[in-house]
Amino acid sequence: MAAKNSSVTEFILEGLTHQPGLRIPLFFLFLGFYTVTVVGNLGLITLIGLNSHLHTPMYFFLFNLSLIDFCFSTTITPKMLMSFVSRKNIISFTGCMTQLFFFCFFVVSESFILSAMAYDRYVAICNPLLYTVTMSCQVCLLLLLGAYGMGFAGAMAHTGSIMNLTFCADNLVNHFMCDILPLLELSCNSSYMNELVVFIVVAVDVGMPIVTVFISYALILSSILHNSSTEGRSKAFSTCSSHIIVVSLFFGSGAFMYLKPLSILPLEQGKVSSLFYTIIVPVLNPLIYSLRNKDVKVALRRTLGRKIFS
């Protein structure tokens, strides 16, 4: 399959580095990241599924965040690892569009899941008496469907705009994956309208969750400052700060990559920026949201205890 009015049937992914001496060390480094991502997120999914006391709105969203991170990483990392060990990392046009679609779907869905999690924490801390009513099963399901719906819409918009481009002789993608901006650069017709579509869709898909997340955490911190003891403040600040760091990495690197004109941001810098939301954040999420979480630690001990004594 080729693009509309295009002679290109496959692409070559350039990868992360041109230096042969770095390929093997980087292969093992990112293989390690991928292993931690898979084990951490699948472990968290299993724990939440097996322990009924974790069947609450917070862990409902965390379950889906871990599922997205696992799928997201699996969409990107295996093909990226191939670029370190093969001379020419070829991907078919269909394979490239499929990777692009799922990349967009998971990254947009994660944006809205993170905003739903921030809203859940806001209600739990600032309006605890209304929590069970505000975060009912129906509301949680609607928020989840909204997140996946926005992910699907964003993926269709981006993939559709790329498939309508014309690709000529050049098929070398200056990236370790099929991403929007490197593919726009390969187009041999004007990509102005496509860049405009990217900017508008990303502004919505990043802007709405960012506003929700940071307003929620600002209200949480304000409530903590006014109502908590010194010890409670310290614990809450520690938890909120770690969450905000991960969220800032995810949204900040995405905004840095996509909310600038193609001519301003060199793609070499874009590749490095992409590492944060494609590799680093899926590794950090299960660590931040589980190892610092008392309920998850208790669930882990109970689960391991049942396995040992069964």
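The backbone N, Cα and C atoms fix where each Cβ goes, glycine too.
The structure displayed is predicted, hence computed values, not measured ones.
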Membrane-side pairing of Glu14 with Ile48, Swiss-Prot annotation: no
Per Swiss-Prot, the candidate from Asn189, Asn227 carrying the annotation N-linked glycosylation site: Asn189
Record feature N-linked glycosylation site (Swiss-Prot), assigned residue among Asn64, Asn164: Asn164
Long-range Cβ neighbours of the transmembrane segment (25-45) (under 8 Å; 6 or more residues past either end): 16-17, 62-63, 66-67, 69-70, 73-74, 77-78, 80-81, 84-85, 279-280, 282-283, 285-287, 289-290, 296
DSSP three-state assignment for Asn164 (N-linked glycosylation site): coil
Touch test for the transmembrane segment (139-159) and the transmembrane segment (271-291), at least 3 Cβ pairs under 8 Å: no
Residues in the topological domain 'Extracellular' (75-98) grouped by DSSP into helix, strand and remaining coil: 17 helix, 4 strand, 3 coil
